[in-house]
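Novice: When I checked TrEMBL for this same protein, it listed these features:
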type     : residues  : note
TRANSMEM : B:6-31    : transmembrane segment
TRANSMEM : B:78-101  : transmembrane segment
TRANSMEM : B:121-141 : transmembrane segment
TRANSMEM : B:162-180 : transmembrane segment
TRANSMEM : B:192-211 : transmembrane segment
TRANSMEM : B:248-268 : transmembrane segment
TRANSMEM : B:274-291 : transmembrane segment
TRANSMEM : B:311-330 : transmembrane segment
Amino acid sequence: MNLWRNIKGTFQPFWVTLRYLFKRPVTISYPEQKRTPPPRYRARMILTRDPEGEERCVACHLCSAACPVDCISMQAAERENGRRHAAWFRINFARCIYCGLCAEACPTLAIQMSPEYELSNRDPLKLVWEKEDLLVDHGGKDPDYNFYHHSGIGVVAPRGGNDDELPPVNIKTNLP
Amino acid sequence: MTDLLLTGLLILIKLGMVLAVLLTMAAYLVLAERKILARMQRRYGPNRVGFGGMMQPLADLIKLLTKEDFLPAQADKWLFLLAPGLAAVTALLAFAVVPFGPPLELFGRQIPMVVCDLNVGILYFFGLSSLAVYGVALGGWASGSKYSLLGALRAMGQMLSYELAMGLSIIPVILMARSFSLTEIVEAQASLPFALTNPLAFGIFFIAALAESKRTPFDLPEAENELVAGFHTEYSGMRFGLFFVGEYINMVVLGAIVTSLFLGGWHGPLLPPIVWFFGKVLAVAFTFIWIRGTMPRLRYDQLMAFGWKALVPLALVNLLATGGILLWLGGAS
Ligand code: SF4
Ligand code: SF4
C-alpha cells in the first residue's frame, strides 16, 4: 500500500542516521595522519636522470606545449657533444593543475609525476620551482630507459653502437 | 518599598541568568548540531579550536564580529539594519514565559522559576512567534535582492501553512489544563505528560514547531540550493550572526515550549527539576538535529498542502474529540 510505504519511508531513515551516529568516522585527520598516496599518484613533477646519471630532458618543449595552463617554461641549450639539455627549466606549481599531460607528452621520460603532494605555501612565488629543485638523481618509474641509446645520432655512443642499432650500411657496397 | 525593590532585583538577576544560559546554549547548540550532523555522515565535525572543538563558538563569534557589516546599495537602510535584531529579540523574549523549575523557597520568599508568569503565556508566545516572521520577511524584503525576496515570501507562506495548525493543536492542552499560563499547564502534567494523554496534538505541534524553527524539512525560506541563502543572502558579519543565533535561540525556546506544553516541564522522578527541564529541552533539540540529518527539504506546495489538508483537519478533529471526552469525563464525575 502506498500510504504504508510512505510512512515507512519517512521513519526508516531515522534508524539509519542513528546507526551512523555511532559508527567510526572515515575522516583522515590530515596533518596528524597522512595517507600514503599510491606510487602512480599525480602530484608534483620531477625531472629524472638516465642510468648514466645524465639529465634526461632534451628541452624539446613538448611538455610545455602539452600543458593546458602553460606553466612550464625552459630555455634549450646544447653541449659540445651534441647532447641537448635545458639551460633553465621552470614549473609554476601555483598554476599547475596536475593533469599529467606533460609527463605523457615527454619522449625521454624525463618529466614524471611523483606522489609528493604537500606543496601548499603562503607565498605563491615559492611555488615557482627551478630545475635544481625539480631534478632528482634517479630514473623514476622506468630507471633503465636511456633516450640517447635509441635516438640521437652519435651523441652518447658511436654510430651503430647502441643496443638495438644495426651498424651503418656502407652504401658503396650497394652500388650495382 | 523595599519589597518592590527586591522583586525588581530578583527579576533582573533571573533575566541575566536566563539570557546568559540561553545564549550559551544557543552557541553550543550550533556546535552540537555541526558535530552530530557530522557524525551522522561519518565525519568528525569541528574539532580544531580548543579541546575537541569546544572553543569553536567563540572563534565563530570573533570571526562574525570582525567581518565587514555590508549594506547593499539597493537595500532599505533602516529596515535592513533592524530586521536581524527583530529576529533575535523575539526569540529571546519568548523565553520569558517558560517556567524552568518549581518555585524556589529562598530567605522566606517564594521565587517563581520563570522570568514572568503571565496568565496568558501561550498567547504571548504566539504573538512573538508571529512577530519573528516579520524579522525574516522585512529582512528579505529590505535587502533589495530577488533571492532574499523569494525567501521572505516563502517565510510568509510557510507561516500561513503551519500557524493555524499550531494554534489548534494547543487548544486541547489548554482545555486539559484549564489555563493559559505555562506554569499551570506544567503543574497539570504532574502525573502524566500531555504527550502521552494526547499524542496527536503533540505530533501536530511538533511538526508545526519544526516549521516555525525554519529547519530542515521546512527550511524553505533559506533553501541553499535554489535561493543562495534565502532571506539572509545579503547579510554579513554580526547581522547575519544575529539571524543565525536567533534561529538557534528559537530552537531552544521551541524545545522549552514543547517541554512545557507536552513533556511535563520540570516534572520527573529522582533528578532535580532543573535537570529534567534542561534534559528534555536538549532531547527535543537533539530530535530537531536528528530530523535535519535525516529528512530532505519539502517543496513549497507540499508544505502548504500538508499544513492545510492534513494538519489543520487533524487538529480540528483532535480538538473536538478532546473537548468531547473532557465534557464526558466532567459530566460523569
Ligand atoms: S601536470 Fe598538467 S598542468 Fe601541470 S605542468 Fe604538467 S601539463 Fe601542465
Ligand atoms: S621534460 Fe620531456 S617533454 Fe619536456 S622538454 Fe624535457 S624532454 Fe621535452
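Glycine is no exception: its Cβ is also placed from the backbone N, Cα and C atoms.
Bear in mind that TrEMBL entries carry predicted annotations, made automatically and left uncurated.
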Novice: Determine whether the transmembrane segment (B:311-330) and the transmembrane segment (B:192-211) share at least three Cβ pairs under 8 Å, counting only pairs 6 or more apart in sequence.
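Specialist: Between the transmembrane segment (B:192-211) and the transmembrane segment (B:311-330), which are separate recorded stretches, there is contact, as judged by 3 or more close Cβ pairs.
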Novice: Three or more CB pairs closer than 8 Å, sequence separation of 6 or more: does that hold for the transmembrane segment (B:78-101) against the transmembrane segment (B:162-180)?
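Specialist: Contact between the transmembrane segment (B:162-180) and the transmembrane segment (B:78-101): absent, because fewer than 3 Cβ pairs are under 8 Å.
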Novice: Looking only at residues six or more beyond either end of the transmembrane segment (B:274-291), which have a C-beta under 8 A from one in the stretch?
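Specialist: The answer is 29, 32-33, 36-37, 40, 100-101, 113, 210, 213, 215-217, 251-252, 254-256, 258-259, 263-268.
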Novice: Please work out which recorded stretch in B:121-141, B:162-180, B:192-211 has the most C-beta pairs separated by under 8 angstroms from the transmembrane segment (B:248-268)?
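Specialist: The stretch with the most contacts is B:192-211.
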